[in-house]
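Written below as structure tokens is the structure these notes are about.
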Amino acid sequence: MNPDTFPWLSTLIFFPIMATVALPFIPDPKGKGDPIRWYALVIGLIDFVLLIYAFYTQYDFAESGLQMVEHYDWLPQLGVQWSVGADGLSMPLILLTGFITSLAILASWPVTYKPRLFYFLILAMYGGQIAVFAVQDLLVFFLVWELELVPVYLLLSIWGGYKRLYAATKFILYTAISSLFILVAALAMAFFGPDLTFDLQSLAAKDYPLTFQLLCYTGFLVAFAVKLPIVPLHTWLPDAHGEATAPVHMLLAGILLKMGGYALIRMNVELLPDAHAYFAPALIILGVVNIIYAALTSFAQRNLKRKIAYSSISHMGFVLIGIASFTDLGMSGAVLQMVSHGLIGASLFFLVGATYDRTHTLILEEMGGVAQNMPKIFAMFTTCSMASLALPGMSGFVAELMVFVGLATSDAYSLAFRVPVVILAGIGVILTPIYLLSMLREIFYGPENKELTSHEKLVDAEPREIFVIACLLVPIIGIGLYPKIITQIYDAKTTQLVAYIRPSVPSIAMREAATVASVSDIEMDSSYQAPAIK
């Protein structure tokens, strides 16, 4: 078969899903689930290797449009088709999905309860998350977006902590109800005009009136604000993280939150640019609220998982600011922040899980003095925390700096608007090391809990755990030292996207129109002569 016509994306989506069929038939003579774990890990790695191969052989960095495109009629009477493709916006997140999921499978080695069902859900979620980033049909996007909720709900409700049913129910209520807004907006856009279609490129080409755009934008924003999440629609996340296991933490922080940021750019910005110009100042304000409020709330948390969860909410505020900056640098920083936080968030939550497995507590006051028992975990926790507080030389620093500079240099907003926003966001950056460093002090060098530190099970990191963190730190440091590793994947796309949406900004459009008019006046004035060059 010609490699140019091979259905790469469909293969990457359906391979892990189809592989789940074999899970009930894998023999497990010892009843510990070891063969099942190895099978799931092999399937995850095979899919990731195929993804890397497809990326290096099929993806063109200089191309801003869709690549590896596939179109198959599904319900032609309704204008629905299985249409997938990857561009600079989706490809980094597809790569992130393969990387994080493979490591999450390795991180799930201690899971012994119902391993067949557990890995069935993980592999099904793997394919579904790639589909969310690849599908180019709005109705199919809604379907895979909804189907993603089922594995997460079951992973929370079956393998979660003491309040797992409450956390899982809250998650499904928030996300399922908000997702109805996607369906309503999708149907409205599909039926608008003479042609019934759910194809994203066809929808982007339609000429919607501004009021219609604003209504659809609001519907999409509500749904994606829950998943991102945006304050005040964030309260499901601390509860979900508070009850999840380590591998589910990694999937939530590493991939699930990025679905909200990706969808906000793909649907709100690309399909509804005029409405985005009106909503952009509000998005920036919401981003600042996310940064400040979540940072202050994280500082007050005494539960380790909830503290890191609020830290995630704070960092996602930079994504909102970058998306609304109307600059190449700001938009690029938003995409980089999603990738960076996916890596950093996954590493921190994995270490939280490793610490809990040893201490059996998440309350900071009940920890203390464990650095002497767990020096390797302390070193890894400290390094990942430095990445989270945007230490120079790590990916978080580059992403946040790009967002800051992108907004500060944006000509879409007045100086009176930009300066307070940059100052307030900067305060949020200052708060981050305060709560993260105090967290490290309380866990590892706080008042020693003799009963805890003398326990024989309080052992240091094992090779598997060191390997997982090492795999996450390599791209975190690599991107921090040489950001082009990742930015070259999406630079062409973000540049094209910003050029597409900038004319929708009234202030920019007025200036450009005035410039064009002045040039036209000069050209039309027959008496005008260029000054002679002496």
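Using N, Cα and C of the backbone, Cβ positions are placed for all residues, glycine too.
Pulled from Swiss-Prot:
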type     : residues : note
TRANSMEM : 6-26     : transmembrane segment
TRANSMEM : 38-58    : transmembrane segment
TRANSMEM : 91-111   : transmembrane segment
TRANSMEM : 117-137  : transmembrane segment
TRANSMEM : 138-158  : transmembrane segment
TRANSMEM : 171-191  : transmembrane segment
TRANSMEM : 245-265  : transmembrane segment
TRANSMEM : 279-299  : transmembrane segment
TRANSMEM : 337-357  : transmembrane segment
TRANSMEM : 377-399  : transmembrane segment
TRANSMEM : 419-439  : transmembrane segment
TRANSMEM : 466-486  : transmembrane segment
| request: Report, as numbers and ranges, every residue of the chain located at least six residues beyond the transmembrane segment (171-191) whose Cβ falls under 8 Å of a Cβ in that stretch; write 'none' if there are none. | output: 79, 138-139, 141-142, 145-146, 149, 152-153, 156, 197-198, 203, 206, 208, 212, 215-216, 218-220, 222-223, 225-227, 233, 235-236, 239-240, 271
| query | Any chance the transmembrane segment (38-58) and the transmembrane segment (117-137) have 3 or more Cβ pairs under 8 A, given the pairs are 6 or more apart in sequence? | reply | yes
| said: Would you say the transmembrane segment (279-299) and the transmembrane segment (245-265) are in contact under the rule of three or more C-beta pairs closer than 8 Å, pairs 6 or more apart in sequence? | reply: no
| task | Could you tell me whether the transmembrane segment (279-299) and the transmembrane segment (91-111) have 3+ CB pairs under 8 A, leaving out pairs under 6 positions apart? | result | no
| field | Contact set, same chain, for the transmembrane segment (279-299): CB under 8 Å, 6 or more residues outside the stretch | value | 214, 217, 221, 225, 230-231, 234, 268, 307-308, 310-321, 323-326, 407, 412-413, 417, 421, 424-425, 427-429, 431-432, 434-435, 438, 505
| note | Tertiary contacts of the transmembrane segment (337-357), defined by C-beta under 8 angstroms and 6+ residue spacing from its ends, are 92-93, 96, 100, 103-104, 107, 110, 241, 245-247, 249-250, 252-255, 257-258, 261-262, 304-305, 308, 311-312, 315-316, 318-319, 322, 367, 370, 374, 377, 380-381, 384-385, 387-388, 395-396, 398-400, 403, 443, 461, 465, 468-469, 472-473, 475-476, 479, 486
| task | Take the transmembrane segment (466-486) and find every residue of the same chain, 6 or more past its ends, with a Cβ under 8 Å from one of its Cβ atoms. | result | 92, 99, 103, 106-107, 336, 339-340, 343-344, 346-347, 350-351, 376, 380, 383-384, 387, 392-398
